[in-house]
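Chemist: Structure below; questions to follow.
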Amino acid sequence: MARFSLVLVVALSLAISMFPDTTTAQLKTNFYGKSCPNVEKIVKKVVQEKVKQTFVTIPATLRLFFHDCFVNGCDASVMIQSTPTNKAEKDHPDNLSLAGDGFDVVIKAKKAIDAIPSCKNKVSCADILTLATRDVVVAAGGPSYTVELGRFDGLVSTAASVNGNLPGPNFKVTELNKLFAKNKLTQEDMIALSAAHTLGFAHCGKVFNRIYNFNRTHSVDPTLNKAYAKELQLACPKKVDPRIAINMDPTTPRKFDNIYFKNLQQGKGLFTSDQVLFTDARSRPTVDDWAKNSVAFNNAFITAMTKLGRVGVKTRRNGNIRRDCGAFN
């Protein structure tokens, strides 16, 4: 009996050494050093070409990365197409506004990588999305940073799994902190990642509640800058199509910068979830600090993006390398 137990312990020890339990342990900056050494150059070239075609590629890719990682981890499950038997993540109402250019840049980069015989079927869609996200941040004038690689693609994607896992435009600081903490992210990480709203656009339907019939005593949210509120009302009249797009950053919508925080100081946060970062005493000191110190903000953003990229990483045991980013193998 003792001998059997000893054999079992040895077997388990071998299994654990072959398949380490910590998913982040497999992430390395040179993960594809031997199998596909030029992967970063290939992705960067595809991103640069795509950005030349349309600026929307930048905010679309950044948002796609967030929406992927917050639901079951960074495993490209958000890219899976629905089938007659499975409604996938991308068809959840919270994901319907994800712009196609984000998906397209990953698909194009995957095709370019797989066109090289030694790289074919070696690089995951999850890693391509993570690299492309860094590259679009750089393309918009944001900081460059080293990307950890070694993610495998997820084997599951359901619309139901999105419920309650993405921050909403009306969230307050407590709700934001709680959701980010689920992903081992701090309040500082949350504020840094919220600043991704320095790029891109939103839809009028997401801000109607702040500029019309806010509550019984105020028709407009009193935390909104009055001149900015009038600009929003002009851009989003009451009966306009709620899908009409408006810039999230009214000052520098095409540049990754710390103007986002200066806007919050002036009451120009588009969503409630943006403006509360300034109105809440817990987060205001960070907003004030990063409004005057872009280097500190950039460093915090890099830290937060690296931590986000470690969320829910799949291994060979619960993932694979997809041949087509939009379908399971």
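Each residue, glycine too, has its Cβ placed from N, Cα and C.
Bear in mind that TrEMBL entries carry predicted annotations, made automatically and left uncurated.
Quick paste of what TrEMBL says about this protein:
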- Asp68, Val71, Gly73, Asp75, Ser77, Glu89: Ca(2+) 1 binding site (BINDING)
- Pro167: substrate binding site (BINDING)
- His197: heme b binding site (BINDING)
- Thr198, Asp249, Thr252, Asp257: Ca(2+) 2 binding site (BINDING)
- Cys36-Cys119: disulfide bond (DISULFID)
- Cys69-Cys74: disulfide bond (DISULFID)
- Cys125-Cys325: disulfide bond (DISULFID)
- Cys204-Cys236: disulfide bond (DISULFID)
- 1-25: signal peptide (SIGNAL)
- Arg63: site 'Transition state stabilizer' (SITE)
Chemist: Cβ within 8 Å of the Ca(2+) 2 site's Cβ centroid: which residues qualify beyond Thr198, Asp249, Thr252, Asp257?
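Modeler: So the additional residues around the site are Leu199, Thr251, Pro253, Arg254, Lys255, Phe256, Asn258, Ile259, Tyr260, Asn263.
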Chemist: Just give me the nearest neighbour of His197 (heme b binding site) among the recorded positions Glu89, Thr252, Cys325, Cα to Cα.
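Modeler: Among Glu89, Thr252, Cys325, Thr252.
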Chemist: Within a 10 Å radius of its Cβ, which of these binding-site residues (Glu89, Asp249, Asp257) has the fewest neighbouring Cβ atoms?
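Modeler: Across Glu89, Asp249, Asp257, these binding-site residues, the one with fewest Cβ atoms within 10 Å is Asp257.
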Chemist: What is the Cβ neighbour count of Cys36 (disulfide bond) at a 10 Å cut-off, with all protein chains included?
Modeler: 20
Chemist: Express the distance between the Cα positions of Cys125 (disulfide bond) and Asp75 (Ca(2+) 1 binding site) as a whole number of Å.
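Modeler: Cα-Cα distance, Cys125 (disulfide bond) to Asp75 (Ca(2+) 1 binding site): 8 Å.
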Chemist: Write down the Cα-Cα distance for Asp75 (Ca(2+) 1 binding site) and Cys325 (disulfide bond), rounded and given in Å.
Modeler: 10
Chemist: At the level of the C-alpha atoms, what whole-angstrom distance separates Cys36 (disulfide bond) and Asp75 (Ca(2+) 1 binding site)?
Modeler: 19
Chemist: Using Cβ atoms only, which residues of the same chain lie under 8 Å from Thr252 (Ca(2+) 2 binding site) while being at least 6 residues apart in sequence?
Modeler: Thr198, Ile259
Chemist: Considering Cα atoms only, can you say which of Cys69, Asp75, Ser77, Pro167, Asp249 is the nearest neighbour of Cys119 (disulfide bond) among these recorded positions?
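Modeler: Checked the recorded positions Cys69, Asp75, Ser77, Pro167, Asp249; minimum Cα distance to Cys119 (disulfide bond) goes to Asp75.
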Chemist: If you count Cβ atoms within 10 Å of the Cβ of Gly73 (Ca(2+) 1 binding site), leaving out that atom itself, what do you get?
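Modeler: If we count other Cβ atoms within 10 Å of Gly73 (Ca(2+) 1 binding site), we arrive at 22.
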Chemist: Taking only the recorded positions Arg63, Cys204, Cys236, Asp249, which one has a CA atom nearest to the CA atom of Cys69 (disulfide bond)?
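Modeler: So, of the listed recorded positions, the one sitting closest to Cys69 (disulfide bond) is Arg63.
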Chemist: Just give me the nearest neighbour of Asp257 (Ca(2+) 2 binding site) among the recorded positions Arg63, Val71, Cys74, Ser77, Glu89, Cα to Cα.
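Modeler: Its closest listed neighbour, by Cα, is Arg63.
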Chemist: Nearest by CA distance to Cys74 (disulfide bond): which of the binding-site residues is it, out of Asp68, Pro167, Asp249?
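Modeler: Nearest by Cα distance to Cys74 (disulfide bond): Asp68.
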Chemist: Using the CB centroid of Asp68, Val71, Gly73, Asp75, Ser77, Glu89 as the Ca(2+) 1 site centre, which other residues of the same chain sit with their CB within 8 A?
Modeler: His67, Cys69, Phe70, Asn72, Cys74, Ala76, Val78, Gly154, Ser157, Ser161, Gly312
Chemist: Whole-number answer please: how many Å between the C-alpha atoms of Asp249 (Ca(2+) 2 binding site) and Cys204 (disulfide bond)?
Modeler: 14
